[in-house]
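Colleague: So that we are looking at the same thing, I have put the structure below in structure tokens.
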């Protein structure tokens, strides 16, 4: 027993000595920790810059996720890691100076501190930019944080994206980029948008939109023709006076609006002014040329210029244009006679080259003109002439009246059928609803009668219980109430209402309008309107068609008018070839 007690006391002393030794080792070996700042003991304070100061020119890629706020306004601190010589990884605080703020001088940007001017700079390469002045010009200065290569968007036809060169370098950028590029919404894009809006505003002020007055003021209707049109009309009148003087004394010369279609004819002899006016009217496709004797020129030079082959007429004689004599004749024909060479339908040549390939015909060009005698009305009337045509307007009155009657009949017949059918459906629905309502009232009356029986039964029971006191009324010392049963009156009215509903329903079904044609008449009524309209259309349709055909025929006949048809007569020239004269 004593040995066991000594052993336990010895174990307690050993445990106490071990705990004391552990506390001493902890106290002497590890030291104290900074309360609340365990990272400061491991990495030191950020402002101490244990990793040193990093130059902005070095290619450093900081990690923003571990950046800390520096109490100094001109420093930016980053936690960077590096591998040691023994293979361990060590982290230290490195500091980079922030860009200095350029103060403004007299409400103008301050002077620039750097002299590197970049031609382009993308907005994703820097965080902030500020304005500065250099040699009287305003620039944007910023510290680049990454590089970027310029790239195309969807091929070379799009604008080029701006690039950036130099990490952590202070660069300047002008407000306008010398190259056509985009900087991702930066200063260049903003100034370009402002310049475009300014140019659009200048254009709007320089060329204001025309605002027409709603009132059309009268003005004199004089001759307001361009010189070319006047020359064409004068030349045409000269030709008409030479061919038909009687018609030229009193006539109308009308030209079509829009693109003119000149008419070719063979070598018309006319004055120089006439030829100039005729040649000025060449602007469209030519017409077919059907003449008695037509002289064509053909050349088949393999090294020549193709001018085309005429295919809208038949050549009576073809001459090969290969010799110098023929070339001289071509030039002489144009100089003396002012003829044209038609090789295709849409082109006319005043002269042909030395070497050419094709088949051409000699012709002159006359304008597409309509000639109307002076005593006849103009087919294309003016506004005043249209307002006075009352006789033709009368022809449309029967047509309009017939269309109005037909439309009214169709609408009335269809509406009548639909309204009658709808009335029948509404009457049936109303009868059914009233019958359902009367049945509901009858059920309520049955409930009231059963409740009255229960109340009367309770009254008799209370009178028996209070018989010694003279009844329930004397016991309560109140006026006695009695039940007046009027359920018979309500039931009589409900029965009469149901009988009236049955009579109305029977009378509705006994109507011949609904029982006609074995019950099909209600379904045929909505189609009576369209059926009547079809019959009316078949009756009046031939008359309307005949009237419209006659009116269209009169319009076509009235628009026909005589055209210029020059008379062509083949006469031999001094070279032996036939020549046409007007």
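Note: Cβ is positioned from N, Cα and C throughout, glycine not excepted.
Taken from Swiss-Prot, the feature signal peptide applies to 1-35. Sequence annotations record features per position, and here Swiss-Prot assigns topological domain 'Extracellular' to 36-519 based on sequence analysis. Feature annotation from Swiss-Prot assigns N-linked glycosylation site to 241, 301, 314, 485; the stated evidence is sequence analysis. The annotation motif 'CXXC' is assigned in Swiss-Prot to 251-254. Per Swiss-Prot, the feature disulfide bond maps to 251-254, 473-480. Per Swiss-Prot, the feature region 'Fusion peptide' maps to 396-416. Annotation comment: Swiss-Prot describes 456-472 as region 'Immunosuppression'. For 520-540, the entry in Swiss-Prot reads transmembrane segment, with the evidence type sequence analysis. Swiss-Prot lists 541-582 with the feature topological domain 'Cytoplasmic', giving sequence analysis as the kind of evidence.
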Colleague: How many Å lie between the Cα of residue 480 (disulfide bond) and the Cα of residue 254 (disulfide bond)?
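Modeller: Distance (Cα to Cα, whole Å): 116 Å.
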Colleague: For the glycosylation sites listed here (241, 485), tell me which residue's CB has the most neighbouring CB atoms inside 10 Å.
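Modeller: Result of the Cβ crowding comparison: 241.
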Colleague: For residue 241 (N-linked glycosylation site), what is the secondary structure state per DSSP, taken as helix, strand or coil?
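Modeller: Looking at the DSSP assignment, residue 241 (N-linked glycosylation site) belongs to a helix.
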Colleague: Using a 10 Å radius around each Cβ and counting other Cβ atoms from all shown chains, which of the disulfide-bonded residues 251, 254, 473, 480 yields the largest count?
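Modeller: When each Cβ's neighbours within 10 Å are tallied, 251 leads.
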Colleague: Going by DSSP, how much of the motif 'CXXC' (251-254) is helix, how much is strand and how much is coil, in residues?
Modeller: 0 helix, 4 strand, 0 coil
Colleague: Determine which residues of the chain contact the motif 'CXXC' (251-254) at the Cβ level, with the cut-off under 8 Å and only residues 6 or more beyond its ends counted.
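Modeller: Residues 233, 236-237, 240, 369-374, 378, 380, 561 contact the motif 'CXXC' (251-254) from elsewhere in the chain.
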Colleague: Provide, as an integer number of angstrom, the distance between the C-alpha atoms of residue 485 (N-linked glycosylation site) and residue 254 (disulfide bond).
Modeller: 105
Colleague: Distance check, please: Cα of residue 251 (disulfide bond) against Cα of residue 241 (N-linked glycosylation site), rounded to an integer number of angstrom.
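Modeller: Rounded to a whole number, the Cα-Cα distance is 11 Å.
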Colleague: At the level of the C-alpha atoms, what whole-angstrom distance separates residue 254 (disulfide bond) and residue 241 (N-linked glycosylation site)?
Modeller: 16
Colleague: In whole Å, how far is residue 473 (disulfide bond) from residue 241 (N-linked glycosylation site) when you measure between their Cα atoms?
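Modeller: Just about 135 Å between their Cα atoms.
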Colleague: What is the three-state DSSP composition of the region 'Immunosuppression' (456-472), stated as helix, strand and coil residue counts?
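Modeller: Counting residues per DSSP class in the region 'Immunosuppression' (456-472), I get 11 helix, 0 strand, 6 coil.
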Colleague: Which whole number is the mean pLDDT over the topological domain 'Cytoplasmic' (541-582)?
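Modeller: Mean per-residue confidence for the topological domain 'Cytoplasmic' (541-582): 58 out of 100.
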